[in-house]
Amino acid sequence: MATNGENGRHQEVGHKSLLQSDALYQYILETSVYPREPEPMKELREITAKHPWNIMTTSADEGQFLSMLLKLINAKNTMEIGVFTGYSLLATAMALPDDGKILAMDINRDNYEIGLPVIEKAGLAHKIEFKEGPALPVLDQMIEDGKYHGSYDFIFVDADKDNYLNYHKRLIDLVKVGGLIGYDNTLWNGSVVAPPDAPLRKYVRYYRDFVLELNKALAADSRIEICQLPVGDGITLCRRIS
């Protein structure tokens, strides 16, 4: 049973884990995640912790999960929409083979450049093509081009929740049959089951309906198999089957 302190902590919107016990989450981190976390990822995690918007970063346990997943599917050509300081990007770059590629897009290059020295020091910058600006125009151009259809093994989306469905409409053509798309924050701080009068922060309440709409659409999409996991803030994996 959670203590009162743990209950209080989990009422805070910024808490990254959906587990009902802080002690249990810390056990996972300290037993299985931090001891195996590569030094570059630890360095970037500690740098990002000083950022005023550090809640935007991918959690360490989710980074570990993504790394394992990428290796299991032998991913080589990947895309990331929403980079922030690059923790999940670094996890991806470390998991890919030396000739692996990541197209990374974010509207804020300044945040990306916080983590870039760590990525460069790890000898992984050659795997990354970073584009600053909205992702939708880039995706539209790729679809129009034609040669990118079905070319991606894995795509990770951790960006503007109000555009998740717009991303999905395009990404389904760019990921290969058998490839995966991962949508982050699909449990959105647990707000997806919150009652209408729940005390939610404004940004959580604003994006909640978009996340609910996405979850409903993914569940009904016959082109994919899905698996929604309570890792981090919730991640939904979509495997393209047609």
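Cβ atoms are placed via backbone N, Cα and C, with glycine included.
Residues annotated as substrate binding site in Swiss-Prot: Lys16, Asp158, Asn189. Remark: Asp158 (substrate binding site) has Thr58, Glu80, Ile81, Gly82, Phe84, Ser88, Asp184, Asn185 as non-local neighbours, by Cβ distance under 8 Å and separation of at least 6 in sequence.
Around the Cβ of Val83 (S-adenosyl-L-methionine binding site), the same chain contributes Leu89, Ala104, Met105, Asp106, Asn111, Tyr112, Phe130, each under 8 angstroms and 6 or more positions distant in sequence. Summarising the annotation, Swiss-Prot assigns S-adenosyl-L-methionine binding site to Thr58, Glu80, Gly82, Val83, Ser88, Asp106, Ala135, Asp160.
Under the DSSP three-state reduction, Asp158 (substrate binding site) is assigned to coil, being neither helix nor strand. According to Swiss-Prot, the feature divalent metal cation binding site maps to Asp158, Asp184, Asn185, an assignment based on sequence analysis.
In the three-state DSSP classification, Val83 (S-adenosyl-L-methionine binding site) falls within coil. If you measure from the Cα atom of Ala135 (S-adenosyl-L-methionine binding site) to that of Asn189 (substrate binding site), you get 24 Å. In this structure, the binding-site residues Thr58, Ser88, Asn185, Asn189 were compared by how many other Cβ atoms lie within 10 Å of their Cβ, and the smallest count belongs to Asn185. Local packing around the Cβ, expressed as the count of other Cβ atoms within 10 angstroms, is greatest for Glu80 among the binding-site residues Glu80, Asp160. When secondary structure is read from DSSP and collapsed to three states, Asp184 (divalent metal cation binding site) falls in the strand class.
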